[in-house]
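So that you can see what the record holds, here are the features copied from TrEMBL:
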{"type": "SIGNAL", "residues": "1-27", "note": "signal peptide"}
{"type": "DOMAIN", "residues": "94-170", "note": "domain 'PA'"}
{"type": "TRANSMEM", "residues": "197-215", "note": "transmembrane segment"}
{"type": "TRANSMEM", "residues": "250-270", "note": "transmembrane segment"}
{"type": "TRANSMEM", "residues": "276-303", "note": "transmembrane segment"}
{"type": "TRANSMEM", "residues": "310-328", "note": "transmembrane segment"}
{"type": "TRANSMEM", "residues": "365-389", "note": "transmembrane segment"}
{"type": "TRANSMEM", "residues": "401-422", "note": "transmembrane segment"}
{"type": "TRANSMEM", "residues": "428-447", "note": "transmembrane segment"}
Amino acid sequence: MDFRKLCSIITITGVISLVCHPSSVTAGDIVNDDNLAPKKPGCENDFVLVKVQTWVGGEEDAEFVGVGARFGTTIVSKEKNANQIRLTLSDPPDCCSAPKHKLDRDVIMVHRGHCKFTTKANNAEAAGASAVLIINNQKELYKMVCEPDETDVDIHIPAIILPQDAGASLEKMLLTNISVSVQLYSPKRPLVDVAEVFLWLMAVGTILCASYWSAWTAREAAAEQDKLLKDAVDEVPNDKAVGVSSVLDINTASAVLFVVFASCFLVLLYELMSYWFIELLVVLFCIGGVEGIALIITVLQIVQVPNLKVGTVLLSCAFLYDIFWVFVSKKLFHESVMIVVARGDRSGEDGIPMLLKIPRLFDPWGGYSIIGFGDILLPGLLIAFSLRYDWSANKSLRAGYFPWAMLAYGLAAGLLITYVALNLMDGHGQPALLYIVPFTLGTFLALGKKRGDLRVLWTQGELQRPCPHVLLQRGQELD
């Protein structure tokens, strides 16, 4: 391998590595790490986001978002079932001791203070409150759990924590208005959002376009090579001179090298994740939805896997890479490195600018459905190879491998199951390649074995074509 080709492989591997991120939903992520907080009898609620709709003087006003506690009763999910209840300030403000005044099923607002959350809730319930809003002393939300020494928790009102700025706004309303009431409800996410349908169409459509462009380019290159060979009967040209230099075939070494580069890029992003770093990436790459699709299509046209062996090594490495950095990295970094990077948790932004991202239009909590470029690009390399092979072998659409590869990727298996798993996991980020690779690669290998093409697919990648100048010479000899 010459130095220029090595540099090209390293560059392309770096680009592929940089754009590999998991599918995820980015709204309400504080409620996702549910298993980190222990449960016990009376303190076993799931963490849920809660809408706090305010009404001032009988007119609808601002809406705030809080998180329900592990303890207390659950909150209604539909707005129509949520009553407007008067909001009252606690006296004392932290409610660490019994309120001075009895409450008539009011919602009581208390400061975080220094006592247990359950102490506040018990005091509020004893005073006649119907719910307790606890204002955090920071701008972030916080998970309210029971203390390790609490064994008998019996609270029958809901408890919700709000960020500091929301509490300041509510307190200002109470001090400047005669009547302030609130509605508390926790709407559920839809099982499937239209954003996921559009994202699926974008992913499948991108691979379709890229595959046909790659196959068409390969066919044109083969036709040009045949023409040059036919025109050079007396002097057979050098194969390297005839080849198309704009296409880069990766090998097994560069496929394995992908894991190293991808891991280095990911750790670098994780360590440097901040607002200014995200802004720097935006300036450097300027990659959005349309630009991202164009980048993927271009890379799939330039970079090619020459045979099924390289494709298998590449996707297998990507499969292990995705699983490690989504799941195993939690053991080393105490959080999923890839999920943190994809969501942009430390940056105050919506994630790195190298994702396909669509707002969740019918989700009451908003947020985005996202898929990393790598979840399209890496399987796309194998799918584009399948179409090139079909065309070089003159296979019909029904007898080819491309329709089955596309079906395995998006229409019936891989990508579809990724979205099902994403929704079943309540929005936890999922490594899409965990589901896409087994279906896409497994279908290709099984079909090749059944049809008897596996040896050619594995080593050559295309059927051997007789040289046109040899056929021409044979024809002249027969004449």
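Heads up, the Cβ atoms here are built off N, Cα and C, so glycines get one too.
Keep in mind that TrEMBL annotations are predicted by a computer and have not been checked by a curator.
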Stretch among 250-270, 310-328, 365-389, 428-447 sharing the most Cβ pairs under 8 Å with the transmembrane segment (197-215): 365-389
Cβ-Cβ under 8 Å with the transmembrane segment (310-328): same-chain residues at least 6 beyond its ends: 20, 22, 249-252, 255-256, 258-259, 262-263, 266, 336-339, 374, 378-379, 381-382, 385, 429-434, 437-438, 440-441, 444-445
For the domain 'PA' (94-170), residues assigned helix / strand / coil by DSSP: 17 helix, 14 strand, 46 coil
